[in-house]
Structure formats: structure tokens, C-alpha cells
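What follows is a set of notes on a single structure, which appears directly below.
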Amino acid sequence: MNFKERISIQFTNLTKTDKKITNYLLDNPAFLSDQSVQEAAKVIETSPAALVRFSKKIGYKGLAELKIDLDRYAEEKPSLDDNNDETPKTAVLNHYRRNLNLIEEQLDEKQLQRIATTMLEAKDLKILGIGSSGLNAEQMVYNLLYQDCYTESVTSKTKMYYLSRSLKKETALLFYTVSGNTDFKAIFKAAKEAGSKTIIVTMVDNAYVRKYADELVILPSNAMQVDQKEGSLYLLDNRSIFSIFSEILSSYIALELK
């Protein structure tokens, strides 16, 4: 997984300072190689500590490992960037092609089978999401209905509150959440205490979601480089990424039902 792909996975977890560092390094991937952390921080207009935190946040052991990978990315970059003069249409389509490859790389065959089995064996299955992610929860409900599997979506905080009071060991919960929404904390905690199975599909990887997930699926966020000359990022609708995952998971559920 190269530097840009790591950024895509962690995009929704990046702070304003992280994005500032990201934009500069996308434009100048070889920059850190010839700079001390103090000099680099001065040029990027951030702090040495922020650079170190950034490197660890996107999955590197430290700044040294980030530098090595950026050198590699700098060599690959001409072949990765299709054409600086590409139209918005082509840029978006190329972005989705790359993201499909990244989704395939991220998803684990055995985990998908386990999740499908868990959902089908649960006596009570609920699909949850807040905001735009709630639409993905509703979509997954319809995917299951088409296979004669009845379940319900829970997309409001009020319903989640009451659901958290009635969870049982036989319950399975599938969550869609771009950023590991802290609004889920109460129901995450209740599910853990009740022994319910918790499946979290998200675009961040942090201790908070790992603490509560029996199964954790990390998908890439839909962050696209708008202008490759300036390295700026634009976030496309993440629902499409969740939708692709839902279709994949639904196919595994269909196989389990045969």
C-alpha cells in the first residue's frame, strides 16, 4: 500500500494540520528525504511533533519509514498519475478504478465468510447508520430482503438508545460509519456488555472502533486528488464505497443460503 492509498484509508481521520501536510507531500513526495524534521516542519509551516504524529496516524512506525515510502512513491508517481490534463470525468472514473483495486486488496475472504455466517445465524439482526451512512444501512436491509432475510435498519439516535436497552447475546449488529462516530459509543458499550456480535464497517482505523468490534472492516475513503499540480484533495461521496461493500457482502450471504 503506497502513501496515497494510506491517505485514502485514513482521510476522514485527518485533522486540518494533517491535510496540510498531506497536500504538501502529495505535491513533493521526495521532499522529506533531504530535510531534517525541523527543516521540513518549517517549510510546511507545522511542527516536528505534528509530522511524527501524522506518520504514525497513517500507519507508519515513524518518520523514517514514511521517508522511505515517500521516496518509493515519488518514483511510482508518474505512472500512478494518469494525465495532468485529464478531464474531471476521467479523473473521477480513474479514481474509482483505483479505489476498486484498493477495496479488493483490503477485504479478507475468510472475514467476509465469517460476517455472512454471523448475520445469518443471529436470531436478531439490526443494520445501523447515522446521517448519510443510514442510507447504506437501509440499502443493506433491502439487499437482505431480496434474499428473503428480514431485518431492520436503525438510523436515529433515539431508536439506538432504546435498542441498546434490549440487546441480547443472540443479537448481531452491523454498523456503517465513515469516521467511527462517537454517537455510537453507548450502543457499542451496551453490545459488548450483552455479548452481542458487533460488525463495524468504517473508513478509520483507531483504538476506539477496535475496542468494540468483533469484526472490523476498513474501507478506503473517497478522497480524490483534484489538481495533481497542487496536490489538493476532494472528498467524493463515501456512500458509493459502502454500497460496493454491501453488494460484495450480500453475495457471500447468498452463497451461505444455498
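Every residue gets a Cβ built from N, Cα and C, even glycine.
Looking only at the coiled coil (63-113), the predicted model's pLDDT averages out at 83. The annotation coiled coil is assigned in TrEMBL to 63-113.
Annotation source TrEMBL lists domain 'HTH rpiR-type' at 1-77.
As annotated by TrEMBL, domain 'SIS' applies to 115-258.
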Tally the residues of the domain 'HTH rpiR-type' (1-77) by DSSP class, grouping H, G and I as helix, E and B as strand, and everything else as coil. 60 helix, 0 strand, 17 coil
How many helix, strand and coil residues does the domain 'SIS' (115-258) contain under DSSP? 66 helix, 35 strand, 43 coil
